[in-house]
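See below for the structure under consideration.
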Amino acid sequence: MGNTVAREDFEWVYTDQPHADRRKEILAKYPEIKALMKPDYNLIWVVVLMVLAQLTAFYLVKDLDWKWVVFGAYIFGSCISHSMTLAIHEISHNSAFGNGKAMWNRWFGIFANLPLGLPYSISFKRYHMDHHRYLGGDGIDVDIPTNFEGWFFCTRIRKFIWIVLQPFFYAIRPLCINPKPITRLEIINLLAQLSFDVMIYYLWGVKSIFYMLAGSVLGLGLHPISGHFIAEHYMFLKGHETYSYYGPLNLLTFNVGYHNEHHDFPNIPGKSLPLVKKIAAEYYDNLPQYNSWIKVLYDFVMDDTISPYSRMKRQLRGEVKQD
């Protein structure tokens, strides 16, 4: 077990997030970037193929030995499930059908949600928009860990457990920090998901259900792709709030690693974020960046100066508008 980390609270800052100002400056210098603010229709077909791939997997595992079900859930199902959550992230920004067809994106998000096993898409969209508008906002941005997480998960073994339990904390954190009244679309998301799960159980049995749920939990917990949860905003370098990752796992995650670029231009689909970096290279090349999410996970656990407290947090001023 490691020593208790030095940090005992979040890094409170009293400035606005940097992304809005950088966006204005980049657009003034490179107005051609506005042409990238359009839907990525290829996203639709990729999501459909991913859903079909998981349906095929549900069928194939129904008669396997349990050891192979577990193996398949971690090796294949976890990758597809985590990738699908990032497709849902893209859809939450209306990247599939565009801002003019916002409801098409909501329905498509519910469809993309089906092979995950648990309702997620509609609630994620509501909270994720707050994360962009009010990055680090106290009591608003539920991407910020709770005080309990920062206080308790302060040793190496506890931080390792925290990584394993990330799906649990992401699920309950909104209820603790910023509970919102349930909407009609969230109820539809829930009913559609329950109906799908019952159908899978009726058709193919408990092993298919286990594969589906285990893949989602494992894929969002101790998994190489899960390094992005920590890489995006945890403060490995003092004064830097958002970090990008330029490694190969972007191919499986709709370029979510281009995270400075994404927060600067949340209405540009992930497919085009590498082009944003190329056009405005002088704004991004010298920002802190990663090339390995696995190393991010390792460093988070082993570095006794890093913990769930290693986040910038700000008191919001003025009127706060939430979805």
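Counting starts with 1 at the first residue shown.
Using N, Cα and C of the backbone, Cβ positions are placed for all residues, glycine too.
Annotated by TrEMBL as transmembrane segment, the relevant range among 107-124, 161-178 is 107-124.
The stretch that TrEMBL tags with transmembrane segment, taken from the ranges 68-87, 188-207, is 68-87. Averaged across the domain 'Sphingolipid delta4-desaturase N-terminal' (5-43), pLDDT for the predicted model comes to 92.
Tertiary neighbourhood of the transmembrane segment (210-231): same-chain residues 54, 57-58, 61, 69-70, 72-74, 76-83, 85, 115-118, 163-167, 170, 197, 200, 243, 245, 249, 252-253, 256-257, 259, 290, 292-297, 300, selected by CB-CB distance under 8 Å and a gap of 6+ residues from either end.
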